[in-house]
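Okay, so here's the structure we're looking at.
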Amino acid sequence: MSQVKLNLIAAACDNMGIGVNGALPWRLKKEMAYFTTMTSKVSEPTKVNAVIMGRRTWDCIPDKYRPLQDRVNIVLTHNVDSVKENVPEGVMVFPGLDEAIKYIEGREDIESTWVIGGSSIYRAAMTHPNCGKIYLTEIQKSFDCDTFFPNIDKQQFHLVDEEQIPGEKQVEGNISYYFRVYKKL
């Protein structure tokens, strides 16, 4: 089996919503900084991380933030050729997770791989044999959403503590949330 471990990272509200109308339903600066740090941080300065996302997630990232800096951006889509024409040089486009993993295996400079959405990409990653952990920010409030994080099967994923992840409640404005880590058994 491939050595590439998939880490999923998402923020979801009480109803497991992760998006509405192509945007995040909340504005949480500290939570967004956590996402950036987690998906960018490397232990060796010669390495970078990869972020894997679906085409709709790519489209939802504001132009000024695309591609996500200091990370190898990988977009998954059924329309590889048309998407390749519309992304900046250096952004990789593949038809599926297995092709992306094969590409990552061929690069010695990639330290960690992060799956950043959307729903169908999360679902595929959670059931993939290379799935390692889910880093889920659990927002303690409901929002209207049209996009949802897949249900986490507690028989397959167990809540774990990680030293560098704060376990205490986080608060921004009138929204509280927890950083959680689920490890695939």
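Yeah, the Cβs are placed from backbone N, Cα and C, and that goes for glycine too.
Binding site for substrate per Swiss-Prot: GLU31, MET32, ALA33, TYR34, PHE35, THR36, plus ARG71 from the candidate set ARG66, ARG71, ARG107. GLU31 (substrate binding site) is 8 Å away from ALA11 (NADP(+) binding site) when you measure Cα to Cα. Taking Cβ-Cβ distances under 8 Å and a sequence gap of 6 or more within the same chain, the neighbours of GLY19 (NADP(+) binding site) are PRO25, CYS60, GLY117, GLY118, CYS145, ASP146, THR147.
Of all the binding-site residues given, namely MET32, ILE121, the one with the smallest number of surrounding CB atoms inside 10 A is MET32. Taking the binding-site residues ARG71, HIS78 in turn, the residue surrounded by the fewest other Cβ atoms inside 10 Å of its Cβ turns out to be HIS78.
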